[in-house]
Amino acid sequence: MEAKGKVVGVIGNLVTIEMVGTVSMNEIVFIKTGGQSLKAEIIRIRDGEVDAQVFEMTRGIAVGDDVEFTDKLLTVELGPGLLSQVYDGLQNPLPELATKCGFFLERGLYLSALDRNKKWSFNATAKVGDFVVAGDFLGFVIEGTINHQIMVPFDRRDSYRIIEIVGDGDYTVDDKIAVIEDDAGGKHIITMSFHWPVKVPVTSYKKRLIPNETMVTQTRIIDTFFPVAKGGTFCIPGPFGAGKTVLQQVTSRNADVDIVIIAACGERAGEVVETLKEFPELTDPRTGKSLMERTCIICNTSSMPVAAREASVYTAITIGEYYRQMGLDILLLADSTSRWAQAMREMSGRLEEIPGDEAFPAYLESVIASFYERAGVVVLNNGSVGSVTVGGSVSPAGGNFEEPVTQATLKVVGAFHGLTRERSDARKFPAINPLDSWSKYRGVVEYEATEYARAFLVKGNEVNQMMRVVGEDGVSIDDFVVYLKSELLDSCYLQQNSFDSVDAAVSFERQNYMFNILYKILQSDFKFENKLEARSFINDLRQNILDMNLAPFKQEKFNKLEINLKNLLRSKKLDF
């Protein structure tokens, strides 16, 4: 029976609807008010009533307004044309909305996610008579720098036989590409695009693998000490202004992935505008073209409705899973998951649910876990491998890592890059605290060597704390040298200058080379007459290595500086 309903209550963006008929959880409904249709999602079903969260401002909605039930879940449209786009959480293209509305967006306006008129050059790879299942390739089109595979829609559950497929040529996303037939003789038309519900993980693959290949971000402290694997998960918690967004932008520019998806869910509008302005101007180091050609941005700022903020996270991960099905490596950056959790807290409060810690819903951990678990490495039906790596920034109030969102995130991620106010105030970029952070993945340098270096950082920090109490004269010269060595490692390796063309992105080979130099220095047993001599010598080493960091790898300037470094060390009778 077709459902019918009327509004009986409104609290903020939560609308209670009295209905007759059959409805399903997470079904999309449209509330008719003032000549507009406002999209909403059912989030609770009770006897004769449903509660729906509205994706727009609810001003003007009145008791008695009609409600139209669609019998569909919240979906995204998947097909060629997603890359280089900027969408809101409901996959409305923002540049087109701006053209249509100007500076202030109208309520109830929903546009097509893909360009219906653009023609794509289709190249068929399947042929009539082939048997296919969900996720199998029928052909491809060129989208930017990638081969965008046209696939059998993921909602097809059986095996099908291709009975018709078009020849190579130019087609729109709505044109018929193929016709497939099921076992019962039913025929199904395939176009270049299809819809998929955002809260349902894509499972059209053979099997999942354990992530073990390092995703090189070209940021030394991450790749060497706290690495991230392709298909893995990581989080970047830190106080406001510690550099979370900048670190994510640097990672998206330099990471060893095919496609970057940025979900700006609940960030300040100024930061989102900065991202939208910068990305088209950034040059992709891999292709020499604009970085936007392999980027998709989903943005819902903190000033947009709460429900759409939550939807943007799911929209982004679904688009990521779609491109993973093509055998590509995807990096999804969610900034910030704290705002998403706050949106859940707001809705939970309006639903009058029993609150958990700090009034967050009791199911916060399971929702966060279900999001991060959609990352992973998968083997596709044709044997190729694709991955989605998920990185979420967390903005705990006052930088308190004990709050519920950070703790729930730490339980499910494979790497933790904790930013601290102390390091960001000291102008250390990235402001990742090497003493608190950790990773379960394999990095570009041997684990034993990095643990040896980390032990130096821990010991150096202990000596530093001691010197703050008793002064420099209160520690032995051996302890003082340990402190100087830890500071050398920190300034020359853990910190990076993202404004310098050379130091901003450090290759896998260069990281190994420079770490080995510093590793040998840490192992060396220096003999000094006094602390003044020790400080002077280590400072000379530091300046030399910092200059090497800014010189192109293994070119004339770099080689000269390396000879200077060896001469410095030989002056202490060390064979280097």
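The backbone N, Cα and C atoms fix where each Cβ goes, and this holds for glycine too.
The following features are taken from Swiss-Prot:
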type	residues	note
BINDING	GLY238, PRO239, PHE240, GLY241, ALA242, GLY243, LYS244, THR245	ATP binding site
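Sequence features, as recorded in Swiss-Prot, placed on the structure.
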residue : record           : Cβ within 10 Å
GLY238  : ATP binding site : 29
PRO239  : ATP binding site : 20
PHE240  : ATP binding site : 13
GLY241  : ATP binding site : 12
ALA242  : ATP binding site : 27
GLY243  : ATP binding site : 21
LYS244  : ATP binding site : 28
THR245  : ATP binding site : 23
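DSSP gives THR245 (ATP binding site) a helix state. The residues near the ATP site, meaning same-chain residues not in GLY238, PRO239, PHE240, GLY241, ALA242, GLY243, LYS244, THR245 whose C-beta sits within 8 angstroms of the mean position of the site's C-beta atoms, are SER395, LEU419, SER424, ALA431, in sequence order.
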